[in-house]
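Worksheet for the structure shown next.
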């Protein structure tokens, strides 16, 4: 409220609100923003869970008074449903509960429900398709195919996007008595069910909303599909419709048969489910152990959860994606709550205090690495500890809720949480809705279900009180074999398809053995439908056309070969790349809380070999471009020099500041508004000459990150920074020095958790030291002249099937891979993966009831509020955690 209201989200590094159209576009991520005070609505029922009834009452009044749902803005149907519609319904649910108790909300007359119904009608135009699957986006004011809507041309949507509507839409129908919402959501679910792959009973990631054809035919339990499965089971719980449970059980049998490879959950092809679709997992699958608890299948839930926890202990947070041998694939972590959600459900099911220890680790890591002056910042890179100016609404809606509930006793709650079901955004819907306004026929008589002989598929929700009779060590016995699963050195897992071959015929050619000059290899490629194209730069390009293969088995061998080649090509790239670095502001009043993502240099001190990093006060050089002899050496000596990009080589700048006595250098991009949030990092290359004479560390900051340091200098003349390979925790930074009181105090909230842990006779788990690894960054060999734009290679992958800058499509029909070296593909080394860049697009602004003209606050204003924020955080954490 202090820094961001009425914006949709808080930007915790710059202490202002994120308003769509006023910040650089982040691509599809911004489709969640609709100028409807997203975070406020998303957090309503969290306030009641935290027993903040007075604050909840004030928040509801703000929503009623200020929020406008009639904005001319294009939003995601999926995100708006789960966050805004779900938030309004969750707020309404707890509001009427409080009103019934007779103490609070006595004035409430269903205003949130009226807003929810209004929003529901605004989402309905998206369902105007022959299939009943909704368009992925809708204009809140003009709908879909209206001339001014600026949407409605899309043909595809994700399975989760179309299949995660039934809880909110059915609840809206049950609350209001208007059946159309539940009808539309059911029709979408029915269509997805009918389009499942009948032999495997799996669904793909992306589907054509007009034809029902699967666009992406890989299947898993993570991004793109996750909450579709969740809503099938929860729809049965909330609505009591047997057909939803039958569908879930059918899918669950397929998941455990093909996707579950304990403790891993790996994507497969829906038509060839014994063939893995990729060798990495995304963080969204962390919700699945919690869903398995609700299902009553505890053993695999414990196994997968423990594997994920070991990854977290290695990196402090769960990377957006990681490989099957637990290397970082995508390094971001936007403070996702799915792992906390599963931790909560496992603790509820087992009562095992181990899961309180897990929760304590999560909270400690949040306070230690993500907490910044105005909130909690997403991690730009879990390996370096750098931050992103982002705090998604789900952090308060879900993470705070699940962590509080994990440690809360029944006496801490003002209502019985067991009377509600959680939506995928953790909003609360009352279970009594199952008997209210039933206007829909319960049984789907048009669909045949697969007969399942697995006795695990019961028709009732599990009674957690009898899951572990007389065996309190049950969960520990399952976890124990997985304790060291992440620490194994570069394990080589056998591909699923190769395992399935057993002692039968082996693949005719493995990617690692391929040589483009070998005629026998070329003949095998031809048989597999793979053709080879020689490029002008000496590389070769491989293209597969499955229809040209000698047989269907040869085509499958070709697909496997292409997948292996993509992996090898990606690894080959990464071997030649340097990881990002971190610039951490350690002086007053930052004290290490702000970490900026920096690009490395191919010359000078290698910070990965100097773990202590280089620490010093910063000084701006003259001339600012650093392209000639420094004229203020007295100001630069023993300092870290700040300079502007442009007009000469990076190495020349480094030599000039080193001669002036600088101990390090930071080059700041001269491209106004550039940021590591929206642009790929690159490494500063040398000048083609020997650069062994440069011994100081050099780092590159984009314009936005550089301005954070420059603004700090304007407010505080003495600004000290730490240049390192990864951010250091504050205990390390201030070792041997006086630590500011409020940094010490930030750990006070742990006392309550420690007390609860001791009551459960639990033992503190030692956190493992986080390790650093590689990230792809492009190289810029020299500085562009003024007015020129530099050609920066972007090696970051939009998906694991993208290598170099080209797109790679793998399907049953044809596949393509960028060229590999002519001679042979080398054995990949143990290196780590990439961050995922986001595409750019613009969005038209709209009018609202409130003033959206958020300006950047001056440093003085930010810091004036800081002490108040810290006190509020401490008070909140003592009360809540």
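Yeah, the Cβs are placed from backbone N, Cα and C, and that goes for glycine too.
Here the structure is a predicted model, which means the values were calculated and not measured.
TrEMBL has this to say about the protein:
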type: ACT_SITE; residues: 79; note: active site, proton donor
type: ACT_SITE; residues: 226; note: active site
type: ACT_SITE; residues: 320; note: active site, proton donor
type: ACT_SITE; residues: 338; note: active site
type: BINDING; residues: 424; note: Ca(2+) binding site
type: COMPBIAS; residues: 756-767; note: compositional bias 'Basic and acidic residues'
type: COMPBIAS; residues: 806-815; note: compositional bias 'Low complexity'
type: COMPBIAS; residues: 832-851; note: compositional bias 'Polar residues'
type: DOMAIN; residues: 621-708; note: domain 'PA'
type: REGION; residues: 756-851; note: region 'Disordered'
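On the structure: features taken from TrEMBL.
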{"residue": "79", "record": "active site, proton donor", "Cβ within 10 Å": "22"}
{"residue": "226", "record": "active site", "Cβ within 10 Å": "25"}
{"residue": "320", "record": "active site, proton donor", "Cβ within 10 Å": "22"}
{"residue": "338", "record": "active site", "Cβ within 10 Å": "24"}
{"residue": "424", "record": "Ca(2+) binding site", "Cβ within 10 Å": "25"}
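Spacing of residue 226 (active site) relative to residue 79 (active site, proton donor) is 14 Å (Cα to Cα, whole number). Nearest to residue 320 (active site, proton donor) in space, judged by Cα atoms and limited to the recorded positions 79, 338, 424, is 338.
The helix, strand and coil residue counts that DSSP assigns across the domain 'PA' (621-708) are 20 helix, 17 strand, 51 coil.
If you take every residue in the domain 'PA' (621-708) and average the pLDDT, you get 90. Cα spacing between residue 424 (Ca(2+) binding site) and residue 338 (active site): 9 Å, rounded to the nearest whole number.
Rounded to a whole number, the C-alpha distance linking residue 338 (active site) with residue 79 (active site, proton donor) is 16 angstrom.
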